[in-house]
Each structure stands twice: as C-alpha cells, then as structure tokens.
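**Q** Okay, here's the structure, questions in a sec.
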Amino acid sequence: STVVGKCCKGNFGMSRFLLSNDFQRKLIVSGKESYYDHFSKRSYSSPSKAPGTESTITSTKIKMPNIGSEGFAFSSFLSTVNKNSRMINFSSCLKTPVKPEQIAANPVILKMTTELEKIPRALRWMCGGFPAIALCDAPEPWQLGFQDAATPIMQGIMDLHHDIFFFLVQILVFVLWVLSRALWCFRSKISPIPQRIVHGTTIEILWTILPSIILMFIAIPSFTLLYSMDDVVVDPAITIKAIGHQWYWSYEYSDYNNSDEQSLAFDSYMVPEDDLELGQLRLLEVDNRVVVPAKTHLRVLITSADVLHSWAVPSLGVKCDAVPGRLNQISTFIQREGVYYGQCSEICGTNHAFMPIVVEAVSTKDYGSWVSNQIQ
C-alpha cells in the first residue's frame, strides 16, 4: 500500500512508454537525450537539437539485464518511489529532458533489474507488468481495462460497467460461499448417505424473484445510456461521411463540398510498418487522419462500398456497422484534444486487421487552418 500510495502521487509515464509499441521504434526528444530499447537490447541517443524537433537516432552501448519488457517497466515503475532518482514522464519529455543515466545507469533500476531477472516471467507480469498497464492512460499491449474516456458516452459506458461489476462480484462471492459450504457440510465423512431433495417451493421462489430484481437494478441504469447513444444531434456543427472499402476508409466533409472543384474528401490507408515515422504506432497509424474540432457536436454518417465493415473508436465509445446500401449515423462530442485510434470491427476479408481509424481532435483554430489547407 505504501508503494501504491507513493506511486499514485508520482507518474506512470515511464511504465506506459516502456510498454508501448512505439517504444522500440522512435521518440521525439529534445537536447542530448537517450532511452533504452529493451526489445532490441540497445540504448539510443539523439544529437542536440532545438526542443520539439525530430532527431535522427543513433546507437550507443548501454546494456541491461535481460528481464523482459514487463520487468523493466516494473523496475522503472517502482523507481518513481525513490525521491533521489528523478524519473521522467516520457509523455512530457519535451518539457523535461531525459538523461541517459536516469534510464540505463540509474542505480535503483540496475539493482531492481538484477533481482527481477531471477523471478519467473509470469510472476513478473502478475506483480509488475499488469499493475503498470492497468494505470496507463493510452492503449497498451495486454491492456486489461478501458482506454480513457474522451466523450460523455464512453464515460457512461465505463460507469455502467462499474455498476454492473458491483453486482457481479456479490453474486460471485455468494455462489462461491454456497458451493464451499455445500462441499464442506455434506462431505462423505459427515453425510455418508446422500439426501434426496426433489422439490422446494421456497428456494424456487427465491431463485426466480432475486435474479429478476438483480436484472432490474442492472437494466434501469442502462436505459438513459442507451437513449443517449441513439440520440441524434438535430443541428451538428460538422458532418463527416465515412465509407468502408476493402481495405481502407474514405472520408467526406460534406459541409465544405460547394462544387466539384472544391471538396474535402480523402482516402485513409494504414501506414506500412517500414514507412512508420517518429512516434507512429504499428498497425494503427494512417496516412490521412480524420481531423475534427474538440468540444463540438459531430455527426458521422457511415456506409460501405463493398462488404460489411464497422467504424469503431474505443476512446470515443462509438461502434457503428458500415452496411452497403444503408446509411447509419452516430453523434459524438469529443471533450478534449488528442489522437484517438480505432479499427474496423467487422470481419471483412483478408486484410480486415489492416483498416485502422485515427481521429485527431484539435482546437477550433487549428481545425480551421487544416480545412483551409486541405481545400486549397
């Protein structure tokens, strides 16, 4: 509890970054920075450049014990407790320069990695990898929980999940208690002759009424959420049409289509792994993102040009089927700026897994500039 309490006051950027897919690739850094790639067992550093600029990554010679990504993340995660070792939040590395010794030569990490190397990998995941991932605020490998909610709908889904989980835990505890008591009280040593019960009015009434009451408590809170999910904004600020293809997405901003010569439409393909640039995620990055303004009511019209697809973005709490010959629509309200990733969620053929969706929410000013550049 002491470790968790102190770590909650610290930051989890270290663990999140070390477990992210793009950790083994590249990183935007400022000044003479360095980070350790545990997947390739190498440390990387960049030449000095102005803050916020991309830099070419070169290899240096710093080695660490072979403890696996989850062990290294756990050691880094716990090292935030040490006040003398000033660990860095990689999500804000542009503001706080990263020093090589803070990552690879940190005595706390070296000591922990030496000890963690002796622990079985499964135990390292259970004690370190999973807790570190559970506290992340971005999609991660082996993620156990939800992504951060960026819309009221997603927040409502998470709240409903927690409410239902409360009842599920109580049911689980009750069933385990009844099962354990039955196994213990009616074991062969105590009751060598089994009792035969063929009818019980009381228990039949109980197991009919109680589940009905529980289902009511679970269903009633979901009514408001279901209604809000189907609610369509009467006058949305922006309307976007998403068209599914095998195997890419097309987008049309109908509000700016004044003529055939002036329109805002583009195709969005997945970026191949060999073409990924600084900070881009494998199998999730696209060449053309859907750019929308934050804190604005949006409407997305979804259809398909060939087979069934599904337009889904977990952080936004949206998932809508793209059906050929049919136009479905969803409404959303993104509460903060950010980049949100999704994928086609309906099996649509060979390259179904290579149809990512990237929604970038920006400020109204930046959105206006983007639209102007696209139309020109």
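Glycine residues also receive a Cβ, built from the backbone N, Cα and C atoms like all the rest.
Among the features that Swiss-Prot reports, Cu cation A1 binding site is placed at His309, Cys344, Cys348, Met355, with the record citing similarity to another entry. What Swiss-Prot lists as Cu cation A2 binding site is Cys344, Glu346, Cys348, His352. For Glu346, the entry in Swiss-Prot reads Mg(2+) binding site. The topological domain 'Mitochondrial matrix' annotation in Swiss-Prot covers 185-204. Among the features that Swiss-Prot reports, topological domain 'Mitochondrial intermembrane' is placed at 226-376, with the record citing sequence analysis. Per Swiss-Prot, the feature transmembrane segment maps to 164-184, 205-225.
Situate these features within the shown structure.
**A** According to DSSP, Cys344 (Cu cation A1 binding site) is assigned to a strand segment.
The Cβ of Cys348 (Cu cation A1 binding site) has Gly244, Gln246, Trp247, Val307, Leu308, His309, Met355 as same-chain neighbours under 8 Å, each 6 or more residues away in sequence.
Distant neighbours of the topological domain 'Mitochondrial matrix' (185-204): none; no residue of the same chain at least 6 beyond its ends has a Cβ under 8 Å from one of its Cβ atoms.
Sequence-remote contacts of a segment are chain residues at least 6 beyond its ends whose Cβ falls under 8 Å from one of its Cβ atoms, and for the transmembrane segment (205-225) they are 153, 156-157, 160, 163-164, 167, 171.
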**Q** Neighbour count first, Cβ atoms within 10 Å, every protein chain included; then name which of His309, His352 tops the list of binding-site residues.
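**A** That would be His309, with the most Cβ atoms nearby.
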**Q** Look up His309 (Cu cation A1 binding site) in the DSSP assignment and reduce it to helix, strand or coil.
**A** strand
**Q** State the Cα to Cα distance, in Å, between His352 (Cu cation A2 binding site) and Cys344 (Cu cation A1 binding site), rounded to an integer.
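**A** A Cα-Cα distance of 7 Å.
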**Q** Return one of helix, strand or coil for Met355 (Cu cation A1 binding site), based on DSSP.
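**A** In the DSSP reduction, Met355 (Cu cation A1 binding site) maps to coil.
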